[in-house]
Each structure stands twice: as structure tokens, then as C-alpha cells.
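Feature annotations, courtesy of TrEMBL:
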DOMAIN    9-458  domain 'Major facilitator superfamily (MFS) profile'
TRANSMEM  57-81  transmembrane segment
TRANSMEM  160-180  transmembrane segment
TRANSMEM  186-207  transmembrane segment
TRANSMEM  273-293  transmembrane segment
TRANSMEM  308-330  transmembrane segment
TRANSMEM  337-359  transmembrane segment
TRANSMEM  365-392  transmembrane segment
TRANSMEM  404-427  transmembrane segment
TRANSMEM  433-454  transmembrane segment
Amino acid sequence: LTFPLLSVTLLVSFGSSMLYGYNLAVVNSPAEHIKAFYNATWSQRYGHGLAHGPLTLLYALTVSIFALGGLVGSLLVGMLVERYGRNGALSRSALLVLLAGGFMGFSRELGSPEMVIIGRSITGLHSGGCCLGCAQPLPHGSGPYSHSRRMEKASYSPKALFFICLGVFSAQVLGLPELLGEDRFWPLFLSVVVVPASLQLLLLHCFPESPRYLLIERNDVSGATKALHRFLGTPNVQDVIEEMKQEQQSLSSMEMVSVWQLLRDRSVRWQTLSVVVVNAGMQLSGIDAIWFYTNTIFENTGIPASQIPYTTVGTGAIEIVAGLIGCFTIERVGRRPLIITGFCAMGVCSAGITISLLLQAALPWMRYVSVACVVGIIAGFCMGPAGVPFLMTAELFMQSHRPAAYIVGGSLNWFCNFTVGFIFPFLQMSAGAFCYLVFCGVCLLVALYVYLIIPETKNKTFMEISHIFA
């Protein structure tokens, strides 16, 4: 990697993937403080506090509306990138984060829970666009031209997974009582998102636009050549220009399939079903419940309140290690072994939490088994399901079908994220320890589906994969 390419990769990841991870975990630590604010505000407005059910509903909406914003953002990102370019789309997304930080930062001063909810939805809008769209280049399976693909792959996920884990860990560390974990600091804690967004907004203009966007979308050969000079650090870029011109001709003659056409296309029905199962299973596996409600889960397992923040930080550190392992093994081990092993580990650990909760009254040390199971869920997710679905979607479809497949997979990702974030508190209230068996069942069923249906896609062409499905 040349220094300019490495710099822009880190900058984009810092302001998108890391920010996404931060927003996933930031509501975990100040949960009780935010609920107390909601209750006090309601009492001031109407003369009485909120009952437990409505308060839980309002907080669950605060947590989960981030994913609804992400769903809208992921659907709009294509239009933004086409109109403004990747740098322009990222800059406008960063401005949204500044707006969201303002809403959340001044919400308590103005006595408005609505501002927290609106701010969360706007951060979701940013994450939906950045993490799954303009922040990441086209998948490195989306064309036949090796040199330009190596450039794209340099900044492509699953390395973004490491920054997501880093963002989660940052939120857990800042949520410690010694830092921003006290009641008076929670609005500042939520609005810290403005720092990476501001940094990205200031520095993004120092780097040229994506060469592929300039040449393929804008037909700006001169601009693409200058950008390649900067990124590759060499004056000899004509071969790359020729490759991208060939790709431009190939794409211009290719008819893209719509989502409706994809769903009706019987020739790829098993591939489409596989994208649905894997992407929905990834979010319904329970990982979002862990990220959103870690402290609540540890509280129910019997961990002393004074130890919970530090236990949570410990799980975040392990998550970073697991994410690094996943980054380095995904191209060596293959897709199927990682995703099957990951989902099986998560399913077993979800069942382990249920068993430990049922036995902790008789065996107090079972609380530590619960912690180990939470760590197992996180590690299983980071080393398997977290990085595979995006790669697998690129490898299961030809270029004409990939955009529609990504829309289907991304939409399901965000919708299921919202579902878990919104329903989990009520599921926990109604089912108690047995709520984790729902996640166990989902994980084991997805692992079984992958084992029976989805072939290994590593180093296989689309035609080979299609033949195996047939």
C-alpha cells in the first residue's frame, strides 16, 4: 500500500466503520441514565412518571431506530455516490453526524427525549450510507480486471470488521465510570460521534476522488489518471486506465437486474435464498442483543454492578482479537468452514447462557460461565458470520445481479437489526432465561442450511458455483 492509499483507507474506516461500531455500543452503558431522563421529563410534562412497560418501549425505540435510519441510508447511498462521488457522499454524511451530535448533545438541556431519538436515527442514516455504500469500494469480485481490483481490495471489508470492533471497544471504554459513564456526561457520550466525523470532513478534501468513479461514472480520464498517480505513487498508470476503460465498456453493455427481477429469477433462486438466510441469520443470531444490552445481560447473570463496566470492556478487547483473526483467516480457511463454525459456536453459547442462568441460584459460579458464553458468541460472530456474507454475496452472483442482491441482503441486515434491538427487552421480560434459546435455534438452523445448501465459493467462478447449485 502506498501512503496516500493507506491514509484514505484509514480515514474512511475511522469515520465510517469505526463510527458504526461506536453507535452500536454507545447506548449500552448510559441505559439507566437515559431512562431516568425520559422518566423525569415525562413527569415534568404530564405530572406522573412512566410505567415500566412504556419506559422500556421508549428506550427500545431509542436503541433500535438507529437501524431504521441505516435501512434508509443504505437505500439512498447509490443515488448519493452517483451524484456527488464517493468523497462528496462521505462529506455530506459527515455533516449529518454533526447534526445528530447536536441533537443528542443538547437533548437534556432542552428537556427533549425526542432529540435523542432523532439523533440516533440520523446516525443510522449516516452508517447505512457509509458502511455498506460510499465508504466501501465495489466488491473485489465485481469485475475481471486484476490491477484495479487489487486497489479496491486494499480498502475493502472484511478489514472494516476490525474498525467496527474498535468502535465498539471505544464506546465501552468511554462508558467506564471514570470517563463518561456518569449520569452528567451521557449527552456528551452520545455526541462524541462528531469528533471522527469532523476529522473526516476536514481531511477528506486532501485526497482525490476514487479513480474508478472518475473514469467509469464521469468519463474523466484526466482526473482518474491524476488520482491514480497519487494513490499508486508511480507515473506509469496507463495499464490500469486501460483496464478500467474495458470495465466501463463491459458495464455500459450490461443490463442490471432490479430487485423484483432478482426475486423472480428462478435461475438464481437458491443463491437469492442463501443471501436472505445468511444475512437475516447474521443479525438474528443475538449479536445485536449483546452489543445493545451487554450491561443488562451481565446484570441478569448476577455479575456485581461495580464489575459490569470492566467485564464489558474485557469482552470488547476479546472482540478486537477475534476480529483480527477473522480478517487473516477468511481468505485462507474458506467461507463455509468459518460461517458454519461461527454459527454453531454462537448457538452453543446461547444455549449455555440459558443453562447458566437456570443454575446460577444453586451454583453462584455459573455467572462466570455466562460471561464466557457471551465472549463465545462475540468471538464466533467475529471469526465467521461477520465477514463472510458480504464476500459471499459478491461470489454467488454475476455482476448484473449483484447490486440487487446487495440491496436485498443489506435491507434484511438493517431490518433484522431493528427487530432484535426493539424486541429483545420484551423477549427478556417474558421468556427470562429461555429467550436465548431463540438465538440458539436461529444459529443452528442457519449453520445447517449452509452445510446442506451453500457450496464453498472461495476461488470458484460464478459458473462453477451456479453449476453446484443446479
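Quick reminder: no glycine exception, Cβ is built from N, Cα and C everywhere.
Just so you know, TrEMBL annotations never went through curation; they're auto-generated.
Computed from a predicted structure; not experimentally measured.
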Thinking of Cβ pairs under 8 Å, which stretch from 57-81, 160-180, 186-207, 404-427 has the most of them with the transmembrane segment (308-330)? 160-180
Which whole-number mean pLDDT does the model give the domain 'Major facilitator superfamily (MFS) profile' (9-458)? 84
I'd like to know if the transmembrane segment (57-81) touches the transmembrane segment (404-427) in this structure, counting it as a touch only when three or more C-beta pairs sit under 8 Å and are separated by 6 or more positions. yes
